[in-house]
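Undergrad: The domain 'FAD-binding FR-type' feature in TrEMBL is assigned to 62-164. Annotation comment: TrEMBL describes Arg113, Tyr115, Leu130, Lys132, Met139, Ser140 as FAD binding site.
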Amino acid sequence: DWLALRPQEPSPSQCCGGGCKPCIYDVYEKELAQWERAKAKQDKSLLVEKKEQSSNSELNPDTFTAFSVSSVEQLTEDTYQYKFELPGNSSLQLSLGQHIVLRGVVNGLEVQRAYTPISPRNAEGYFEVLIKCYEAGLMSQYIKTWKKGDMVFWHGPFGGFPYQPNKHGELLMLASGTGLAPMLPILRSIVDDEEDETFVTLVCCFPTFDKIYLKPLLKDLARYWNIRIFYVLSQETSLEKLPWSYQENTYTGRLNEDLIKTIINSCRRRPFVLICGSSEFNEDMSRYLKAAGVEEDSFFVF
């Protein structure tokens, strides 16, 4: 019983390395100490503080707060968009690229995962999260049970990319699957700010055309004068069956070193690169960028 209640240590990918106060590891150490005290006294009531819902339903980095699921939308066979209620006209007030941490309990085992809200920063009364569910994933088993009205526990925010308007001539965003999530708030911030003249090249990696999600939003963003969006489809062998509007800006196969170099050479200004995907994707992209002459201080991995 006590082992199941032990807080789970965050994975390295959940920490941005940006010196956040508190860091997600600070929160873990605090919860671990609380668990150890409760275990030593064999008193589970000492864990209640960690589990209780915040009285004002505001996001908090120190304790988990319950938010109600207001809608569930299935985007592809394994990817969902979840909408959560916020009290009144309040908003999460996240900095760009910040993530929040979800807590779930599956078969008595506590699981935590980090997700980046994709709703606009100034969204009032709600926030939205993009989640891919894996067949064998513990957290996925819990998430798949969600329905409208369920209460879900989140805490944060953590991490973030210190974006400043016009600081970089061009941003090159390399996103695989749900790695698109932290890119969207930054993109929205740029197109909503008439004074921000940053160019953006977004490269989205998906298995097939059918598995590209948020197509209407991406198409709308691509209409802006300073935004380009490319798609890389690893399991497509031909572009002929794709709608004509996608054929010019879509590549088949994987995002490899040669394609990275081609895209960088097509950028209008020397880009600062943002990367988000699986750990394998992030490592590959970092290696390709270095091979293309991009210095390590010129890219950021979420």
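Residue 1 is the first one shown; counting continues down the chain.
Note that Cβ sites are derived from N, Cα and C of the backbone, with glycine treated the same way.
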Undergrad: Long-range neighbours only, meaning 6 or more apart in sequence with Cβ under 8 Å: which ones does Met139 (FAD binding site) have?
TA: Leu102, Gly104, Val106, Val111, Arg113
Undergrad: Taking the centroid of the Cβ atoms of Arg113, Tyr115, Leu130, Lys132, Met139, Ser140 (FAD site), which other same-chain residues have Cβ within 8 Å of it?
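TA: Neighbours found: Leu102, Val129, Ile131, Cys133, Gly137, Ile143, Thr178.
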Undergrad: Which number gives the other C-beta atoms within 10 angstroms of the C-beta of Lys132 (FAD binding site), all protein chains shown included?
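TA: For Lys132 (FAD binding site), the 10 Å Cβ neighbour count is 18.
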Undergrad: For Tyr115 (FAD binding site), what residues in its own chain, 6 or more apart in sequence, show a Cβ-Cβ distance under 8 Å?
TA: His99, Ile100, Val101, Leu102, Val129, Leu130, Ile131, Ala181
Undergrad: Taking every residue in the domain 'FAD-binding FR-type' (62-164), what is their average pLDDT?
TA: 88
Undergrad: Over the residue list Arg113, Tyr115, Leu130, Lys132, Met139, Ser140, recorded for FAD, what is the maximum interresidue Cα distance in Å?
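TA: That value is 14 Å for the farthest Cα pair.
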